[in-house]
Amino acid sequence: MSFKAHDIENAVPLFLSEIAPTRIRGGLNILFQLNVTIGILFANLVNYGTAKIEGGWGWRVSLGLAGVPAGLLTLGSLLVTDTPNSLIERGHLDEGKAVLKRIRGTDNVEPEFLELVEASRVAKQVKHPFRNLLMRRNRPQLIIALALQVFQQFTGINAIMFYAPVLFNTVGFGSDAALYSAVILGAVNVLSTVVSIYSVDKVGRRKLLLEAGIQMFLSQVVIAIILGIKVTDHSDNLNHGYAIFAVILICTLVSAFAWSWGPLGWLIPSETFPLETRSAGQSVTVCVNLLFTFVIAQAFLSMLCHFKFGIFLFFSGWVLLMSFFVFFLLPETKNVPIEEMTEQVWKKHWLWKRFMDDYYVDGGDIGKGTKGFDPNSQL
(Lines of atoms letter the chains of each structure in order from A and count residues from 1; the text may use other names and numbers.)
(Lines give C-alpha, C1' and ligand atoms only; values in the text may rest on other atoms or scores of the structure.)
Protein backbone atom coordinates (compact mmCIF):
# COMPACT_ATOMS: atom_id res chain seq x y z
CA MET A 1 0.00 0.00 0.00
CA SER A 2 1.18 3.46 -0.81
CA PHE A 3 2.05 4.72 2.65
CA LYS A 4 4.70 2.07 3.22
CA ALA A 5 8.43 2.68 2.86
CA HIS A 6 9.05 1.72 -0.74
CA ASP A 7 12.78 1.27 -0.38
CA ILE A 8 11.87 -1.55 2.01
CA GLU A 9 9.31 -2.79 -0.52
CA ASN A 10 12.11 -2.98 -3.05
CA ALA A 11 14.60 -5.02 -1.02
CA VAL A 12 12.56 -7.20 1.33
CA PRO A 13 10.41 -9.15 -1.19
CA LEU A 14 13.55 -9.95 -3.19
CA PHE A 15 15.42 -10.99 -0.05
CA LEU A 16 12.60 -13.25 1.13
CA SER A 17 12.02 -14.81 -2.29
CA GLU A 18 15.71 -15.69 -2.56
CA ILE A 19 16.06 -17.31 0.87
CA ALA A 20 12.64 -18.96 1.23
CA PRO A 21 12.10 -22.67 0.52
CA THR A 22 9.95 -23.03 -2.57
CA ARG A 23 7.02 -24.66 -0.77
CA ILE A 24 6.52 -21.71 1.62
CA ARG A 25 7.92 -18.84 -0.46
CA GLY A 26 4.56 -17.13 -0.87
CA GLY A 27 3.54 -17.37 2.77
CA LEU A 28 6.93 -16.20 4.06
CA ASN A 29 6.91 -13.25 1.69
CA ILE A 30 3.41 -12.23 2.71
CA LEU A 31 4.39 -12.51 6.37
CA PHE A 32 6.35 -9.33 5.70
CA GLN A 33 3.17 -7.77 4.33
CA LEU A 34 1.35 -8.79 7.50
CA ASN A 35 3.84 -6.94 9.66
CA VAL A 36 3.45 -3.90 7.43
CA THR A 37 -0.34 -3.95 7.86
CA ILE A 38 0.07 -4.27 11.63
CA GLY A 39 2.39 -1.27 11.50
CA ILE A 40 -0.17 0.69 9.50
CA LEU A 41 -2.86 -0.09 12.07
CA PHE A 42 -0.67 1.04 14.97
CA ALA A 43 0.42 4.14 13.06
CA ASN A 44 -3.19 5.13 12.45
CA LEU A 45 -4.02 4.65 16.13
CA VAL A 46 -0.97 6.67 17.20
CA ASN A 47 -1.84 9.47 14.80
CA TYR A 48 -5.39 9.58 16.06
CA GLY A 49 -4.24 9.62 19.69
CA THR A 50 -1.59 12.31 19.24
CA ALA A 51 -4.07 14.48 17.35
CA LYS A 52 -5.98 14.81 20.63
CA ILE A 53 -2.98 16.39 22.41
CA GLU A 54 -3.73 20.00 23.22
CA GLY A 55 -1.42 22.76 22.03
CA GLY A 56 -1.02 21.54 18.45
CA TRP A 57 2.27 19.73 19.03
CA GLY A 58 0.93 16.17 18.82
CA TRP A 59 2.35 15.75 15.34
CA ARG A 60 5.84 16.07 16.83
CA VAL A 61 5.15 13.14 19.13
CA SER A 62 3.86 11.13 16.18
CA LEU A 63 6.98 11.81 14.10
CA GLY A 64 9.24 11.08 17.07
CA LEU A 65 7.59 7.74 17.72
CA ALA A 66 8.15 6.82 14.08
CA GLY A 67 11.87 6.87 14.83
CA VAL A 68 11.52 3.85 17.13
CA PRO A 69 10.70 1.24 14.44
CA ALA A 70 13.16 2.95 12.09
CA GLY A 71 15.93 2.47 14.67
CA LEU A 72 14.97 -1.16 15.25
CA LEU A 73 14.98 -1.75 11.49
CA THR A 74 18.45 -0.27 11.22
CA LEU A 75 19.79 -2.43 14.04
CA GLY A 76 18.12 -5.52 12.62
CA SER A 77 19.65 -4.96 9.19
CA LEU A 78 23.11 -5.24 10.77
CA LEU A 79 22.29 -8.76 11.90
CA VAL A 80 20.85 -10.05 8.63
CA THR A 81 23.12 -12.12 6.41
CA ASP A 82 23.27 -11.75 2.62
CA THR A 83 21.30 -14.22 0.54
CA PRO A 84 23.13 -17.17 -1.03
CA ASN A 85 22.31 -15.71 -4.46
CA SER A 86 24.00 -12.41 -3.60
CA LEU A 87 27.08 -14.05 -2.08
CA ILE A 88 27.54 -16.42 -5.02
CA GLU A 89 27.06 -13.62 -7.54
CA ARG A 90 29.85 -11.67 -5.82
CA GLY A 91 32.19 -14.66 -5.90
CA HIS A 92 31.87 -15.81 -2.27
CA LEU A 93 30.97 -19.39 -3.17
CA ASP A 94 31.97 -21.05 0.10
CA GLU A 95 30.16 -18.45 2.20
CA GLY A 96 27.12 -18.68 -0.05
CA LYS A 97 27.03 -22.45 0.30
CA ALA A 98 27.39 -22.16 4.09
CA VAL A 99 24.47 -19.72 4.30
CA LEU A 100 22.38 -21.98 2.06
CA LYS A 101 23.04 -24.94 4.39
CA ARG A 102 22.10 -22.84 7.41
CA ILE A 103 18.80 -21.51 6.08
CA ARG A 104 17.81 -24.91 4.65
CA GLY A 105 18.80 -26.76 7.82
CA THR A 106 20.63 -29.50 5.95
CA ASP A 107 24.00 -30.22 4.34
CA ASN A 108 22.33 -31.72 1.27
CA VAL A 109 22.12 -28.52 -0.79
CA GLU A 110 24.38 -29.42 -3.72
CA PRO A 111 21.68 -29.45 -6.45
CA GLU A 112 20.28 -26.07 -5.39
CA PHE A 113 23.78 -24.66 -4.95
CA LEU A 114 24.77 -25.69 -8.48
CA GLU A 115 21.60 -24.06 -9.86
CA LEU A 116 22.49 -20.82 -8.09
CA VAL A 117 26.05 -20.96 -9.43
CA GLU A 118 24.79 -21.45 -12.99
CA ALA A 119 22.25 -18.64 -12.61
CA SER A 120 25.03 -16.41 -11.31
CA ARG A 121 27.24 -17.31 -14.27
CA VAL A 122 24.53 -16.20 -16.69
CA ALA A 123 23.82 -13.06 -14.67
CA LYS A 124 27.47 -11.97 -14.77
CA GLN A 125 27.35 -11.84 -18.55
CA VAL A 126 24.84 -9.00 -18.35
CA LYS A 127 26.56 -5.62 -18.48
CA HIS A 128 23.41 -3.49 -18.62
CA PRO A 129 20.62 -5.03 -16.46
CA PHE A 130 18.10 -2.25 -17.13
CA ARG A 131 18.60 -2.43 -20.89
CA ASN A 132 18.45 -6.20 -20.63
CA LEU A 133 14.93 -5.89 -19.19
CA LEU A 134 13.70 -4.76 -22.62
CA MET A 135 15.00 -7.84 -24.41
CA ARG A 136 12.50 -10.22 -25.92
CA ARG A 137 12.93 -13.08 -23.43
CA ASN A 138 12.48 -10.70 -20.47
CA ARG A 139 9.39 -8.92 -21.74
CA PRO A 140 6.82 -11.33 -20.24
CA GLN A 141 8.19 -10.82 -16.72
CA LEU A 142 8.40 -7.07 -17.25
CA ILE A 143 4.87 -6.81 -18.64
CA ILE A 144 3.47 -8.90 -15.78
CA ALA A 145 5.31 -6.90 -13.11
CA LEU A 146 4.33 -3.50 -14.49
CA ALA A 147 0.73 -4.51 -15.13
CA LEU A 148 0.38 -5.77 -11.56
CA GLN A 149 1.56 -2.42 -10.18
CA VAL A 150 -0.81 -0.39 -12.38
CA PHE A 151 -3.73 -2.69 -11.62
CA GLN A 152 -2.94 -2.70 -7.90
CA GLN A 153 -3.49 1.06 -7.78
CA PHE A 154 -6.55 0.98 -10.04
CA THR A 155 -8.34 -1.33 -7.65
CA GLY A 156 -8.97 1.97 -5.88
CA ILE A 157 -7.65 0.64 -2.58
CA ASN A 158 -5.21 3.44 -1.86
CA ALA A 159 -7.82 6.05 -2.69
CA ILE A 160 -10.23 4.36 -0.29
CA MET A 161 -7.60 4.07 2.46
CA PHE A 162 -6.38 7.63 1.96
CA TYR A 163 -9.83 9.12 2.06
CA ALA A 164 -11.57 6.59 4.30
CA PRO A 165 -12.55 9.31 6.81
CA VAL A 166 -14.28 11.23 4.01
CA LEU A 167 -16.13 8.10 2.88
CA PHE A 168 -17.08 7.13 6.43
CA ASN A 169 -18.33 10.64 7.07
CA THR A 170 -20.41 10.43 3.88
CA VAL A 171 -22.08 7.24 5.04
CA GLY A 172 -23.00 8.74 8.39
CA PHE A 173 -20.17 8.35 10.93
CA GLY A 174 -19.69 12.07 11.48
CA SER A 175 -16.78 13.43 13.52
CA ASP A 176 -15.60 9.97 14.60
CA ALA A 177 -15.00 8.89 10.98
CA ALA A 178 -11.19 9.05 11.28
CA LEU A 179 -11.12 6.74 14.31
CA TYR A 180 -13.61 4.28 12.86
CA SER A 181 -11.85 4.10 9.50
CA ALA A 182 -8.41 3.63 11.07
CA VAL A 183 -9.49 0.90 13.46
CA ILE A 184 -12.01 -0.98 11.30
CA LEU A 185 -10.11 -0.98 8.01
CA GLY A 186 -6.77 -1.51 9.75
CA ALA A 187 -8.06 -4.57 11.60
CA VAL A 188 -9.66 -5.97 8.45
CA ASN A 189 -6.37 -5.43 6.61
CA VAL A 190 -4.40 -7.38 9.22
CA LEU A 191 -6.81 -10.31 9.51
CA SER A 192 -7.18 -10.68 5.76
CA THR A 193 -3.43 -10.72 5.23
CA VAL A 194 -3.28 -13.68 7.62
CA VAL A 195 -5.69 -15.48 5.28
CA SER A 196 -3.29 -14.89 2.40
CA ILE A 197 -0.32 -16.28 4.35
CA TYR A 198 -2.07 -19.62 4.89
CA SER A 199 -3.64 -19.90 1.44
CA VAL A 200 -1.18 -18.51 -1.11
CA ASP A 201 1.04 -21.62 -1.27
CA LYS A 202 -1.95 -23.98 -1.19
CA VAL A 203 -4.50 -22.53 -3.59
CA GLY A 204 -2.03 -20.53 -5.68
CA ARG A 205 -1.63 -16.94 -6.80
CA ARG A 206 -4.10 -17.00 -9.68
CA LYS A 207 -7.04 -18.34 -7.68
CA LEU A 208 -6.57 -15.74 -4.96
CA LEU A 209 -6.45 -12.93 -7.50
CA LEU A 210 -9.48 -14.20 -9.42
CA GLU A 211 -11.59 -14.76 -6.30
CA ALA A 212 -10.66 -11.32 -5.00
CA GLY A 213 -11.50 -9.79 -8.37
CA ILE A 214 -15.06 -11.12 -8.15
CA GLN A 215 -15.37 -9.99 -4.53
CA MET A 216 -14.05 -6.47 -5.20
CA PHE A 217 -16.14 -6.04 -8.34
CA LEU A 218 -19.41 -6.97 -6.62
CA SER A 219 -18.59 -4.88 -3.54
CA GLN A 220 -17.86 -1.77 -5.55
CA VAL A 221 -20.94 -2.12 -7.76
CA VAL A 222 -23.23 -2.53 -4.75
CA ILE A 223 -21.58 0.42 -2.94
CA ALA A 224 -22.12 2.55 -6.04
CA ILE A 225 -25.79 1.54 -6.19
CA ILE A 226 -26.39 2.34 -2.50
CA LEU A 227 -24.64 5.71 -2.66
CA GLY A 228 -26.28 6.54 -5.97
CA ILE A 229 -29.78 5.92 -4.65
CA LYS A 230 -29.48 7.04 -1.03
CA VAL A 231 -26.90 9.87 -1.09
CA THR A 232 -27.77 12.94 -3.16
CA ASP A 233 -26.40 16.45 -3.48
CA HIS A 234 -28.83 17.52 -0.75
CA SER A 235 -28.18 14.63 1.62
CA ASP A 236 -24.69 13.68 2.76
CA ASN A 237 -25.52 10.74 4.98
CA LEU A 238 -27.43 7.47 5.10
CA ASN A 239 -29.73 6.07 7.69
CA HIS A 240 -28.07 3.78 10.22
CA GLY A 241 -28.90 0.52 8.45
CA TYR A 242 -27.59 1.58 5.05
CA ALA A 243 -24.48 3.11 6.66
CA ILE A 244 -23.62 -0.16 8.39
CA PHE A 245 -24.19 -2.09 5.15
CA ALA A 246 -21.94 0.31 3.22
CA VAL A 247 -19.18 -0.10 5.82
CA ILE A 248 -19.48 -3.90 5.56
CA LEU A 249 -19.10 -3.64 1.79
CA ILE A 250 -16.04 -1.40 2.14
CA CYS A 251 -14.54 -3.93 4.57
CA THR A 252 -15.32 -6.71 2.09
CA LEU A 253 -13.48 -4.74 -0.58
CA VAL A 254 -10.46 -4.10 1.67
CA SER A 255 -10.31 -7.74 2.79
CA ALA A 256 -10.27 -9.00 -0.80
CA PHE A 257 -7.43 -6.65 -1.65
CA ALA A 258 -5.48 -7.56 1.51
CA TRP A 259 -5.32 -11.27 0.66
CA SER A 260 -4.71 -10.81 -3.06
CA TRP A 261 -3.62 -7.72 -4.97
CA GLY A 262 -1.94 -6.14 -1.95
CA PRO A 263 0.68 -8.80 -1.12
CA LEU A 264 0.71 -10.60 -4.47
CA GLY A 265 1.43 -7.38 -6.34
CA TRP A 266 4.84 -7.50 -4.64
CA LEU A 267 5.32 -11.26 -4.35
CA ILE A 268 4.86 -12.21 -8.00
CA PRO A 269 7.41 -9.75 -9.50
CA SER A 270 9.97 -10.72 -6.83
CA GLU A 271 9.81 -14.39 -7.81
CA THR A 272 9.49 -14.20 -11.61
CA PHE A 273 12.45 -12.13 -12.78
CA PRO A 274 15.62 -14.14 -13.59
CA LEU A 275 18.71 -13.41 -11.49
CA GLU A 276 20.37 -11.26 -14.16
CA THR A 277 17.49 -8.75 -14.14
CA ARG A 278 15.94 -9.34 -10.71
CA SER A 279 17.21 -6.23 -8.92
CA ALA A 280 16.63 -3.98 -11.93
CA GLY A 281 13.18 -5.44 -12.47
CA GLN A 282 12.17 -4.93 -8.87
CA SER A 283 13.43 -1.33 -8.97
CA VAL A 284 11.31 -0.58 -12.02
CA THR A 285 8.36 -2.31 -10.35
CA VAL A 286 8.58 -0.07 -7.28
CA CYS A 287 9.04 3.03 -9.45
CA VAL A 288 5.88 2.30 -11.43
CA ASN A 289 3.95 1.59 -8.23
CA LEU A 290 5.00 4.94 -6.76
CA LEU A 291 4.10 6.76 -9.96
CA PHE A 292 0.56 5.39 -10.13
CA THR A 293 0.11 5.77 -6.36
CA PHE A 294 0.83 9.46 -6.87
CA VAL A 295 -1.53 9.71 -9.86
CA ILE A 296 -4.44 8.08 -8.04
CA ALA A 297 -3.85 10.02 -4.81
CA GLN A 298 -3.83 13.32 -6.67
CA ALA A 299 -6.82 12.54 -8.87
CA PHE A 300 -9.12 10.74 -6.45
CA LEU A 301 -10.63 13.70 -4.61
CA SER A 302 -11.47 15.51 -7.86
CA MET A 303 -12.84 12.28 -9.32
CA LEU A 304 -14.96 11.77 -6.21
CA CYS A 305 -16.41 15.29 -6.55
CA HIS A 306 -17.22 14.83 -10.24
CA PHE A 307 -18.12 11.13 -10.40
CA LYS A 308 -19.68 10.92 -6.92
CA PHE A 309 -20.93 7.33 -6.55
CA GLY A 310 -19.62 6.63 -10.07
CA ILE A 311 -16.08 6.49 -8.69
CA PHE A 312 -16.79 2.97 -7.49
CA LEU A 313 -18.08 1.99 -10.94
CA PHE A 314 -14.88 3.41 -12.42
CA PHE A 315 -12.70 1.22 -10.21
CA SER A 316 -14.97 -1.81 -10.62
CA GLY A 317 -14.42 -1.57 -14.37
CA TRP A 318 -10.68 -1.77 -13.79
CA VAL A 319 -11.14 -4.72 -11.45
CA LEU A 320 -13.03 -6.54 -14.19
CA LEU A 321 -10.27 -5.78 -16.70
CA MET A 322 -7.48 -6.94 -14.38
CA SER A 323 -9.35 -10.16 -13.62
CA PHE A 324 -9.41 -10.98 -17.34
CA PHE A 325 -5.70 -10.17 -17.46
CA VAL A 326 -5.02 -12.64 -14.65
CA PHE A 327 -7.20 -15.33 -16.21
CA PHE A 328 -5.58 -15.22 -19.64
CA LEU A 329 -2.05 -13.87 -19.13
CA LEU A 330 -0.80 -14.52 -15.60
CA PRO A 331 0.87 -17.94 -15.16
CA GLU A 332 0.82 -19.79 -11.85
CA THR A 333 4.13 -19.62 -9.96
CA LYS A 334 3.16 -21.66 -6.90
CA ASN A 335 5.80 -24.20 -5.82
CA VAL A 336 8.15 -23.34 -8.70
CA PRO A 337 11.81 -22.63 -7.78
CA ILE A 338 12.71 -19.12 -8.91
CA GLU A 339 15.73 -20.42 -10.86
CA GLU A 340 13.39 -22.70 -12.88
CA MET A 341 10.69 -20.16 -13.76
CA THR A 342 11.71 -19.96 -17.41
CA GLU A 343 11.54 -23.72 -18.01
CA GLN A 344 8.52 -24.54 -15.85
CA VAL A 345 6.41 -21.41 -16.27
CA TRP A 346 7.21 -19.10 -19.17
CA LYS A 347 8.06 -21.80 -21.75
CA LYS A 348 4.77 -23.58 -21.01
CA HIS A 349 2.45 -20.58 -21.20
CA TRP A 350 0.30 -20.36 -24.32
CA LEU A 351 1.42 -16.79 -25.11
CA TRP A 352 4.67 -16.07 -23.27
CA LYS A 353 6.42 -19.17 -24.65
CA ARG A 354 6.77 -17.28 -27.93
CA PHE A 355 9.22 -14.93 -26.20
CA MET A 356 11.38 -17.70 -24.79
CA ASP A 357 13.49 -18.52 -27.86
CA ASP A 358 17.04 -19.47 -26.88
CA TYR A 359 20.02 -17.79 -28.49
CA TYR A 360 23.65 -18.78 -28.18
CA VAL A 361 27.04 -17.58 -29.35
CA ASP A 362 28.91 -20.10 -31.47
CA GLY A 363 32.19 -19.01 -32.99
CA GLY A 364 31.16 -15.37 -32.79
CA ASP A 365 27.86 -15.84 -34.61
CA ILE A 366 24.51 -15.52 -32.90
CA GLY A 367 22.06 -18.18 -33.89
CA LYS A 368 18.85 -19.74 -32.71
CA GLY A 369 19.26 -22.91 -30.73
CA THR A 370 19.25 -24.49 -27.31
CA LYS A 371 22.91 -24.46 -26.26
CA GLY A 372 22.68 -21.31 -24.23
CA PHE A 373 21.86 -17.67 -24.29
CA ASP A 374 23.79 -14.49 -24.87
CA PRO A 375 22.03 -12.11 -22.49
CA ASN A 376 23.47 -9.00 -24.12
CA SER A 377 22.23 -9.80 -27.62
CA GLN A 378 19.38 -7.61 -28.82
CA LEU A 379 16.58 -9.60 -30.40
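From the backbone N, Cα and C atoms, a Cβ is placed for every residue, glycine too.
Because TrEMBL annotations are produced automatically, they should be read as predictions rather than curated entries.
Pulled from TrEMBL, these are the features on record:
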DOMAIN    1-334  domain 'Major facilitator superfamily (MFS) profile'
TRANSMEM  30-51  transmembrane segment
TRANSMEM  57-80  transmembrane segment
TRANSMEM  142-166  transmembrane segment
TRANSMEM  178-200  transmembrane segment
TRANSMEM  212-229  transmembrane segment
TRANSMEM  241-262  transmembrane segment
TRANSMEM  283-303  transmembrane segment
TRANSMEM  309-330  transmembrane segment
Among the ranges 57-80, 212-229, 241-262, 283-303, 309-330, the one whose Cβ pairs under 8 Å to the transmembrane segment (178-200) are most numerous: 241-262
Long-range neighbours of the transmembrane segment (212-229), counting only residues six or more past its ends (CB under 8 A): 155-156, 170-171, 238, 242, 245-246, 249-250, 252-253, 255-257, 259-261, 308-313, 315-316, 319-320, 322-323, 326
Cβ pairs under 8 Å between the transmembrane segment (309-330) and the transmembrane segment (30-51), at least three: no
Mean of pLDDT values spanning the domain 'Major facilitator superfamily (MFS) profile' (1-334): 86
